[in-house]
Each structure stands twice: as structure tokens, then as C-alpha cells.
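Structure, as C-alpha cells:
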């Protein structure tokens with residue numbers, strides 16, 4: 001994934017120093033796009049190890065509509081723990097907005113599947129996780145926001161749109177805030193996986209995954225790790241194999257996915273900014 005290394009390098013060389021909500025500080029750029037041909041391999045970063053169970057379980061959790069971390073913790077995924085209440089609640093985050101937007105019974109995922117099957121040329125095949133009604137206040141903690149009925153965090157990956165051409169399904173993700181070192185590799189993998197799943201459900205081949213970022217940043221305490229990653233040579237991409245076709249997009253299990261030939265460099269640890 002040379003595209004991803006070029007992204008890191010561009011931010012490192014062109015980013016401006018900015019403060020941020022966490023107090024860590026960043027090097028930041030505004031506006032960047034990467035394109036991945038899903039016919040040429042699954043875009044899983046190889047210059048460091050990506051924890052595949054976290055990617056898959058988080059996506060299945062989103063699709064379930066759940067906003068409690070119990071499922072994730074039961075599967076040894078703890079990427080959301082810092083923001084949850086003592087009861088494991090995160091408020092109306094991604095899954096809630098995807099499956100029951102604003103609590104009004106609007107299932108955006110089911111609607112997208114139906115539109116792809118019945119009107120694939122539509123330019124309205126999209127899902128938005130951004131709901132201004134529940135955007136949290138920056139003046140109080142994530143947990144306090146949840147108590148007030150808001151989400152613990154606003155969605156970073158805010159909207160995604162599907163596009164069909166030549167019987168191939170492509171997906172474009174718009175990400176308002178992009179943690180380039182820790183977050184973006186997960187986001188690329190997650191939405192590429194979702195594109196494969198939706199394509200299977202709609203009897204389509206996969207096309208491209210397009211990632212578009214707004215505020216793209218490297219945290220100041222990740223610079224050393226970024227330099228380490230940039231020194232590594234990318235390896236061949238793995239291949240995703242989906243072992244069965246469930247009855248619906250909501251019926252996939254972790255065991256349904258196999259990432260063949262995922263060769264990678266060692267993991268690089270970095271502290272997440274809360």
C-alpha cells in the first residue's frame with residue numbers, strides 16, 4: 001500500500017502545526033484522497049501489523065446497531081473502552097445512526113441494500129453517521145455526553161456512498177477527522193470489507209474503495225512511529241475470501257472472513273489521544 005505511505009509522507013512534509021481537542025498537538029493538512037482497486041487485493045496495511053479481529057468485530061458491531069461495548073469486549077476488542085460509561089454505553093454513535101437514524105426507525109443500511117438491488121444508478125445511495133442532534137459538547141467528557149443523550153464522540157468517518165458501474169460496486173468514504181497513523185488503516189480496511197459484503201449481498205463484483213479525508217493529521221507523539229513505518233517496504237496485499245453468503249447483510253459472523261496471505265511487518269505501538 002504505497003498509497004498509504006505517500007499519505008503519511010505528505011502530511012509529515014506539508015502539515016501545519018495545530019492544537020487539538022486532546023491537547024496532544026498535530027501536524028495537519030486539509031483534504032486528501034486515496035483510491036484502492038479492490039480487484040487487485042484487499043487494502044490491508046502491510047508496513048505494520050493490523051489487528052484483523054478489531055476491524056471485523058467493530059464492523060459487525062456497527063451493523064448490529066449496538067452502542068454498548070459488551071460485544072467488543074467479549075471478543076477481546078477494546079478500542080472503544082476509553083470513551084464508554086461504566087455500563088459500557090457510548091450513546092447514539094455509528095451503529096445507532098446506521099440502523100435507526102435519530103431514533104426514528106430509519107435503517108440506512110437496509111435502505112442502501114434495497115436501492116442497490118432495485119435502482120443501482122441512483123445517486124442517493126449513501127449512509128450518514130453525522131447527526132447534529134447528538135453531536136457531543138467538547139466542554140464535558142464523553143461519558144457526561146452519553147448521560148445527556150449525546151454520543152460519546154462525534155463520527156470521524158461521517159458518510160459513505162455507493163456507486164455501481166459495469167456490475168462493479170465502489171464505495172467512497174468521507175472522513176471529517178483522520179488520525180493518519182492509528183485510525184486510517186482501520187478505516188480503509190473496515191469500509192473495504194463492508195464494500196465486499198454489500199457487493200456479495202447484491203450480486204455485484206467489487207470495484208474501488210475511495211477514501212477522502214478532511215482534517216488529516218499525525219499526532220505529535222506519533223512522529224517517531226511514522227518515521228519507522230515510512231522506512232519499511234510495502235508487501236503484497238492479501239486476498240479476502242468470504243466463506244459463505246448469509247441471508248442478509250446483518251447475518252455475517254467473524255468466521256465468515258478469511259484474509260489469505262496477509263504478510264506484514266511487525267506491529268508499531270502508539271498511544272491513542274483521548
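Glycine is treated like the rest: Cβ placed from N, Cα and C.
In the record from Swiss-Prot, residues 21, 123, 124, 176, 177, 178, 179, 217, 218, 219 bind dUMP; the candidate from 14, 131, 187 listed for the same site is 187. Reported as a whole number, the C-alpha separation between residue 273 ((6R)-5,10-methylene-5,6,7,8-tetrahydrofolate binding site) and residue 217 (dUMP binding site) equals 12 Å. Site extent for (6R)-5,10-methylene-5,6,7,8-tetrahydrofolate: among the recorded binding residues 51, 179, 273, the largest C-alpha separation is 19 Å. In the three-state DSSP assignment, the secondary structure recorded for residue 51 ((6R)-5,10-methylene-5,6,7,8-tetrahydrofolate binding site) is coil.
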